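K.L.:
Let me give you the structure first, and then I'll get to my questions.
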Amino acid sequence: MPEQGLADAFGVTEEARAKINLALHVTGQRPDGYHLLDMLVTFADCGDRLGFLPAQADAFTLSGRFGETLAGDGGANLVIRARDLLREAVGTLAFPVHIHLQKNLPVASGIGGGSADAAAALRGLMRLWGTRLPVAALATLALKLGADVPMCLESRPLIARGIGEEIEAVPDLPAFAMVLANPLKGVSTPEVFRRLKAKNNPPLTLAQTAGWLATIGAARNDLEPPAREAVPEIAAISAMLQAEGALLARMSGSGATCFGIFADMAAARDAAAALHEARPDWYFQATETVSGGM
């Protein structure tokens, strides 16, 4: 059996890349309560890792810096739910499996960790079980797991609209040197939406007259002001990123993770090191996002 804590020791491995909301516009709300969003999304080269191995009986193990946070999650974990839904869809091909989740990203932090894990579970299990679902069926299954899971299946730059199910690739979005920063203080997504003052905001437009950085800067995250009210550390962490030379700093998703875009990876690594020295109790990670051409 592979050593616990090392997802790479398993026969099949998958990356669960951090999902970064470069922009998030809340444009309305459906009668069922779901909010309508316009999002510009990219993915980082850091994230969780999952390993998969045939087993006598289903097993799920955890490791990583934030693994203990999920230890009591049990059957509610999205990875387990993804396994069970996919097994229902493929039937007898789905033999028992040991899944190991190396949890490197903060939990409930606005960078799609659980959704990315679920998407990686679907990809890895289809490889292990030697099966594929039709594109439409896989998209439907992914949406059952959560609004962010379909885009995490893509794990490439995209625009997502609706509740996240309307996906359009953005092939010309470049890679960015970035620092992810999180004060390791939980943010309640329902509370952030409750604090949101306007739910019918202007949609996302991408007029690239002055380059991608200016285009992203002209967009916004409508959830950042209410999240800052709930967690004041978000404002502090954004200011710290800017003080370290970030060309743009913004919150991702419903928080509390913020990202800073830097001129290059050397600047990002230097900033992450300085920030970690200033606040060793917080989370800082230098990373590079994927490009649209991948």
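For all residues, glycine too, the Cβ spot is worked out from N, Cα and C.
Pasting the relevant annotations from Swiss-Prot:
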{"type": "ACT_SITE", "residues": "Lys19", "note": "active site"}
{"type": "BINDING", "residues": "Pro106, Val107, Ala108, Ser109, Gly110, Ile111, Gly112, Gly113, Gly114, Ser115, Ala116", "note": "ATP binding site"}
{"type": "ACT_SITE", "residues": "Asp148", "note": "active site"}
K.L.:
Output the one of Ala108, Ala116 that, of all these binding-site residues, has the highest number of other Cβ atoms within 10 Å of its Cβ.
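P.N.:
Output for this query is Ala116.
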K.L.:
Can you see whether DSSP assigns Lys19 (active site) to helix, strand or coil?
P.N.:
strand
K.L.:
According to DSSP, does Pro106 (ATP binding site) fall in a helix, a strand, or coil?
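P.N.:
Looking at the DSSP assignment, Pro106 (ATP binding site) belongs to neither helix nor strand, so coil.
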K.L.:
Does DSSP put Ala116 (ATP binding site) in a helix, in a strand, or in coil?
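P.N.:
Looking at the DSSP assignment, Ala116 (ATP binding site) belongs to a helix.
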K.L.:
For Asp148 (active site), what residues in its own chain, 6 or more apart in sequence, show a Cβ-Cβ distance under 8 Å?
P.N.:
Lys19, Gly112, Ser115, Ala116, Gly164
K.L.:
Can you tell me how many other Cβ atoms are located within 10 Å of the Cβ belonging to Lys19 (active site)?
P.N.:
27
